[in-house]
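Sequence annotations record features per position, and here TrEMBL assigns ATP binding site to GLN8, PRO9, THR10, GLY16, ASN17, GLY144, LYS145, ASP146, ILE183, LYS192, MET193, SER194, LYS195, SER196. Summarising the annotation, TrEMBL assigns L-tryptophan binding site to ASP132. According to TrEMBL, the motif ''HIGH' region' annotation covers 9-17. The motif ''KMSKS' region' annotation in TrEMBL covers 192-196.
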Amino acid sequence: MRIVSGIQPTGNIHIGNYLGAIKQWISLQEKNECVFMIVDLHALTAPYDQKTLQEKITEKLIAYVAAGVDPEKAIIFVQSEVKEHTELAWLLNTICPVGELERMTQYKDKSKKFKDNVNAGLLNYPVLMAADILLYKAEGVPVGKDQAQHVEMTRTLAKKFNSKFGKTFPEPKELMPEFGSKIMSLTDPKKKMSKSDDPKSYISLFDLPEDIEKKIMASETDSGKAVIFNVTKKPGISNLLTIYSILEGKPISAIEKQFKGKGYGDFKKSLAKTVINYLEPFRRKQKELLSREVYVQEILKKGKARAKTMAETTMQEVREKMGLSS
Ligand code: AMP
Ligand code: TRP
């Protein structure tokens, strides 16, 4: 299967990004042709700092590799370096109804959050994402739950293009983990864990052990004492149980049993230990990669060349089908 996914370069990669997306990438790269990108063009739709953008991009590449993405197996590159993404996005814009874009949940949320900057890029964001996916004729898109609607939109655009101009694109499916497709904020478990929120609300992949412990111990939990999974009544504990269960590879019921008669404090201490141990090799690898700048840039250069060849082939076909000169 051809697989495509991406993460925005702004903010710090957190355990929600890892459990929702990157963890899937790592298992998918073994048997599939994977294309993973750093979607810098998407990041421009929200306020960002142009002076540090390049640093943030390199930081994300290092995060991918430190977390286990293998540059020998997967193609890793920066979205804006392959110009065909914007070209295909424009072409797809011409077959995309504005009404559908205005109905997108993320657009509605972000236009509320960034009231003073509701730019056209924010509205067209899903079209660029569709271009990212269709350019490589992907069949599977590993993402967290918040992106499922955008993949659905990509399918709609693929279908529409195919029926108008002839069969060109497969209709890609979102690939979501059974658990962990929506990890919640540590400070407000009714909200999704998000890169653009206060660092106290998320665990970054490279947080220091003492910070991980502090954040987990201070995380918002519910009244009551029992460590029981119940999303409506105990959203905080349920979120922590989900994280614990995935990282330990144990069913939630076994963890509930393990902490029967014990309080939140014991559970949180144990969870902190689990998270620290799980992330320790990531931090070690990150440190090593930070000292290998040439190798890191080489990964992006090689990834760009491979992605570009694939993108050019698709664009040639698309241009011909749409009646443009090729
Ligand atoms: P972003 O942080 O928006 O660049 O998202 C990158 C990837 O991580 C996407 O596949 C998202 O769906 C996924 N993701 C983001 N936040 C979470 C979360 N809290 N839980 C699970 N997956 C997430
Ligand atoms: N919109 C996605 C997010 O914010 C990132 C993204 C851009 C993406 N292009 C993609 C994900 C293509 C999967 C495939 O999380």
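Just so it is clear, glycine is given a Cβ too, placed from its N, Cα and C backbone atoms.
TrEMBL does not curate its annotations; it predicts them automatically.
Features as recorded by TrEMBL, highlighted on the structure.
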| residue | record | contacts (Cβ under 8 Å, 6+ apart) |
| --- | --- | --- |
| GLN8 | ATP binding site | ILE38, VAL39, ASP40, HIS42, ALA43, LYS195 |
| THR10 | ATP binding site | ALA43, ALA46, TYR48, LEU53, LYS56, LYS195, SER196 |
| ASN17 | ATP binding site | ILE7, GLY144, LYS195 |
| ASP132 | L-tryptophan binding site | VAL4, GLY6, MET37, VAL39, GLN79, HIS85 |
| LYS145 | ATP binding site | GLY20, MET176, SER181, LYS182 |
| ILE183 | ATP binding site | ILE15, GLY16, LEU19, GLY20, GLY144, LYS192, MET193, ASN239, THR242, ILE243 |
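Contact annotation for binding-site residues (GLN8, THR10, ASP132, LYS195) versus ligand 1: GLN8, LYS195, each with CB under 6 Å from a ligand atom. For the motif ''HIGH' region' (9-17), the list of distant contacts is 38-40, 43, 46, 48, 53, 56-57, 59-60, 63, 67, 144, 182-183, 192-196, 199, 202-206, 243, 275, 279: same-chain residues at least six beyond its ends, Cβ to Cβ under 8 Å. A simple way to gauge crowding: the CB of MET193 (ATP binding site) has 25 other CB atoms within 10 angstroms, across all the protein chains here. With a cut-off of 6 Å between Cβ and the nearest atom of ligand 2, the binding-site residues THR10, ASP132, ILE183, LYS195 reduce to ASP132. In this structure, LYS145 (ATP binding site) is part of a helix by DSSP.
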